[in-house]
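Participant: The structure under discussion is supplied below as structure tokens; questions concerning it will follow.
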Amino acid sequence: FTAHRHMKIFNTHSNSSTITGFLLLGFPCSRQGQILLFVLFSAVYLLTLMGNASIICAVRWDQRLHTPMYILLANFSFLEICYVTSTVPNMLANFLSDTKVISFSGCFLQFYFFFSLGSTECFFLAVMAFDRYLAICQPLHYPTLMTGHLCNILVGSCWVLGFLWFLIPIIFISQMTFCGSRIIDHFLCDPGPLLALTCQKSPVIEFVISILSPLPLIIPFLFIVGSYALVLGAVLRVPSAAGRRKAFSTCGSHLAVVSLFYGSVLVMYGSPTSEHEAGMQKIVTLFYSVVTPLLNPVIYSLRNKDMIKAMQKFLGM
């Protein structure tokens, strides 16, 4: 009913040749349902901020964690805070809004930061896999290979690559003219719905975006798979069962995070199209953009004794 009401309101303005903003439909439901969703996602957002900030503070103030693995983890936690902040505050505002309108500039900025941060996350997961490869496959040379200088270079490269990657798509899309209905059936500005609202289709731009968008997912994923194939081979050559368990335990948290992130992404991009595609897309996007950043601190904390001790020390427990 809510979706039909918004469609009716905004169709009254569809006679104009251009529009000045977009309507993010989000999760249509009654007013009471919107308030309930606001409370729920506010709690999730606060827990995500607290969990990831705790990891950052624990790594910052515990000298034992000043190693490349934990430095990467602290940067990854900061990335998760930025990632969830790129969507959730606007989503919370929309829950309490009657119009649910986002400006052109706000929509394009959200698109750029959301997908740039998502690309940065993929690169970080690949670098963390590389770190685990060096630690397990080159244990004697690890301290000389994974130096603080190299770690800083890898961290900086992840951020720079992530934010450069989507500059071309966002420049192309922001220069296009949008006509007719301004309704985006999503809780964020996604390139698919945006391109569907353009006045004139541009096969070249759509082709460029279709090529550039998957690469930050595919290339790091192949690198992660290759790294863990080498890790698995090295672990299986360890003679003792205790040694194999210890080696696997150092990778368990990272593998769990990779599985959560890439599993949800593959569900969205690999599943067949259905009549519930828009609803399914929102649910899956919600999982890897909101739920995964909430679960990551729990995964890394529960599976790491050093992190547990550091967080207990930081929290005064």
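Note: Cβ is positioned from N, Cα and C throughout, glycine not excepted.
According to TrEMBL, the feature transmembrane segment maps to 35-58, 70-89, 109-130, 150-172, 217-236, 248-271, 283-302. Feature annotation from TrEMBL assigns domain 'G-protein coupled receptors family 1 profile' to 51-300.
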Participant: Which stretch from 35-58, 70-89, 109-130, 150-172, 283-302 shares the most C-beta pairs under 8 Å with the transmembrane segment (217-236)?
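Facilitator: The stretch with the most contacts is 109-130.
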Participant: By Cβ distance under 8 Å, which residues at least 6 away from the ends of the transmembrane segment (35-58) in the same chain are close to it?
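Facilitator: For the transmembrane segment (35-58), the nonlocal Cβ contacts are 27, 29, 65, 73-74, 77-78, 80-81, 84, 88-89, 91-92, 95-96, 290-291, 293-294, 296-298, 300-301, 307, 310-311, 313-315.
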Participant: Going along the chain, which residues at least six beyond the ends of the transmembrane segment (283-302) come within the CB cut-off of under 8 Å?
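Facilitator: For the transmembrane segment (283-302), the list is 41, 44-45, 47-48, 51-52, 54-55, 73, 76-77, 80-81, 83-84, 87-88, 114, 118, 186-188, 190, 253, 256-257, 260-261, 264-265, 267-268, 308, 311.
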